[in-house]
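Right, one structure below, let's go through it.
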């Protein structure tokens, strides 16, 4: 039993021995590697796999399952490392990039291979060789783009193939030829393009009983998006329509702003759909080729994974030329697709477009400050509650506007924005709606409702859209007869639109020509054998159409009329230039109508036989209208022919592009408008040739005008705007309200006239004057303002009277105002308020200029004719001169009143429809031309009287005339030369006597004259200025009112007159005046300052340039460095002693020398008196000082009369007997004596000039007006004798002095004593006594 027991125990052990290896394999620890896998494959797991079909039992020893998923394998494991019995290999979720040839060679038992979710991009041919038993292959979610038939070699038993989720977009035919057992395939990708390139797949699948997975969905084109490929029909797989690419990128894709010299690369990537796929580059639509010298580097295109094509373009050195659009275009047989990017190249100094606000019919846009070369964008104003979706109103649409490289805004693009006006927006909706025979009549009735308010249209696009709709409705007239009446009503309503809007619509889209052309073709489209007559009446249009037989035609006469209540001729309905008020639909009896009769009856518009009606137009068609028919249309079987008549109440729908008639119709340079109704006659389908007899037309005028011309509307082509021409039309007769004409053409006929209220030409308004006007006006303004500024800045130094100063400045200012406003605003008719302001300003300035000339002529005439009686002792002083206010009230107030009344009555009197801004003709007669005629008459009378006065006794007897008028420059110089030889003391006596007799025989107030020009010269200058201004005004008026050659001639004459006027005013009043030239020189400082210890300057003799007879006044106190307190002394107006005379001369000479601060050059010697002769009492020019000086000179004249009667002795007695206190005299007394002192304040020739260290700080007192007038008087013979006696007395009392004479003057002369005294005064304040020892000072 023991032995048997042992045998029984050994039997199970023998049975377990064969299973021991399997148990060891299953129980082996994992630490030594994956279970059942070689130690070299650490990331894989191996396990046994039960064969299919076995429900239990032990797995077969040769079947292995190897799982290598998620192990980051870069490539499949070597087949030799895997178990020989491997039937399933899972390699998903790794990083395998490619499959080499023979990657799985040796795995002959492999039945399932899973390679999904890798990054496989290339599969080499033969990659699956050796897998003869493979039944399932999963290559989904990789990056495979190239698949060929060689790819799947060695898979004869493959049943299921999954290649979905890759990047291919199409498959080549025969790609599955190496898979004979294939039953199911899934090839859906995000780029799958179901087009003609996949058309082979559907029949191939049907023939092979291949099932396309339901997950195989189309991605492109968009029409088949998300549809299963297996459910499509073969016809749906086509390559028609726009090219759609699954990939098309351009880098950079957004606008780039770069600087000159930068480097910019471009890269373009697109779908590769075949060998014909190409990428081309364009710059501003021009092809781009590689050019290394120009900095353009273009690389060859590269193809990636048989799916993408890439091209690179590099700009290595960017210049300004690179600005614009750069475009990448993908081209193939199916079509082209492009991507663009804008490049803006900035210069080193880039400019900006200013911020600007634009308001138009699309909205209100505020464009910000934008860099030059940049296109700015603004969001459109959207209407979210718009019931009808518009193509241009989609969300996100924008308006664009480009700022050019010069920093100027270009016109913006607002086409993607909605209209702000409700009517325009609705009419635009009508245009976008599709029209067919079922809805045409409904849309037409709805559109007519909107056109009933055509008078309130405010946008030209309203007319454009209605015209487009009328053209669309014309195509359905043959089917819907009711459309004829609706179309005529809409055209009639559009004639109520403002004429300016009609003109703009015609210019924009030829809208008016479209409407007229549609109406002319209605008869031929609507008439048929069942409808042989059409008659439609409307407010402004009437239509009559007949279907006639040419062989039975005997002539036709039609008259267009209306009821008298609807439009009496005097009311002139619809005249151009006037906005008609909105009108409701008029009653039937107020509409235009036709009345036609056969034959040729006599019809007169003046005696129309229908009661309570007025005939507006008539046309008579001759019986021979169809006599020129071709033989094909001759009897015995005459075809039907359409004859249509139209009448338009006015010519609002007939606008040529320039709104003017052609030269043949109106003559050269004429502006004409339609003054009658327009009547049309035309045929359709008749082949009418040249007429053998003319068409007789009679038309009633609804507007006044001149020079009527018969014309017909010539339409050059279907798309042409057309225009009026008179070729073939002749005017037979013209009465005040009716014109008769004959025409050899069928068409639209009217009478053109020069209308008094011609509508303004919008396109030409503000276009400007002839170019010659502007530079000549600028020259005139330059001369006038130079004169004005000179006289204002140098008021005190220019020797003109107060009245003369005011009159000259006002005259220059008003001439400048007239010329400037004329040149700058006469053509600004586009802006109503500006045009009215220009007209009012021109009206005022023209009248005021002529009135100032008249005032100046009156003052000059008064100077020549009025003389005051010689004053006697005890006579009261003369009255103060009248103020200048009266002249301002006359020359400025009268024009202001006239212009104010004219504007208050009707402000529109200053805005006619003429092409310039001026008064309407009738109001201008009473408001301008008649006042101008009166002003000219009075002015010319003054001119004539003044001229006769100069040629009469005044010219023969100077003593009885205006003795105070100075001679001209040449005469003054000669007079000074004659007196210079009479000795130095002659000047003193002459000055005394001339001053004393200044009031004797004075012709007028002393301030009323000119110190340099004689009355004759002044009168000649005024007359010249007057007539040059009239010539300039007349030529300027003709230059804007005429056309063509007369306009050019008048513009040139205006330029000549304006230039001559400006140069004359400047030359006469500035350049030729010595005092003005001296003031100019005084404004320029000397080149180098005087030396600190310069030798004294010699004083010129008083008779050389500062002669008391012909000399100029002393320098002003402004030149003194001591200011207003520089001279504490004052001399009485009558107590002129020899001490005062000497001290006055020395002090003033010293002040003149010391006040300059530096010596003058020799060329300015003797011109010191030119500086500020009129500056009275410390630089103040007050009228009160003038009056005091006037009275002082009058009182001094009484004392000087004694010297005049007593000769030299009386003068000496007067000088030596009277005494006065220097310190106690009032200031006015000093002014009176200093103005009359001989040679006061002048440099004395031959004597040394005191240096600033030697002279005193006192200021020279200027001469008064009376003193200057007295110095300009000629010395009498007694004065000359007295001068000799005084000279002897001066030599007798002189002392021998040792003072050096720098200019070589002889010692012991006239002013030797004065020189000595001046040296003493330098230290004693002009109070040292040295010459007259008998003088006493109180």
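Heads up, residue numbers simply count up from 1 along the chain you see.
Cβ coordinates come from backbone N, Cα and C, glycine included.
Topology check against Swiss-Prot: residue 800 and residue 949 carry an identical topological domain name and occupy the same side of the membrane. Within the list 1014, 1107, 1225, 1237, the entry that Swiss-Prot describes as phosphoserine is 1107. When 602, 737 are looked up in Swiss-Prot, the one carrying the note N-linked glycosylation site is 602; the rest have no such note there, which does not rule it out for them.
For the recorded site, residue 268 (disulfide bond), the DSSP three-state label reads strand. The distance from the Cα of residue 743 (disulfide bond) to the Cα of residue 328 (disulfide bond) comes to 61 Å. Under 8 Å, Cβ to Cβ, and six or more positions away along its own chain, residue 328 (disulfide bond) finds 250, 266, 268, 270, 279, 280, 281, 311, 338, 339, 340. Each residue of the topological domain 'Extracellular' (829-832) gets a DSSP state, and the totals for helix, strand and coil are 1 helix, 0 strand, 3 coil.
Around residue 729 (disulfide bond), a 10 Å sphere centred on its CB holds 24 further CB atoms from the protein chains shown. Sparsest Cβ environment among the disulfide-bonded residues 268, 743 (other Cβ atoms counted within 10 Å): 743.
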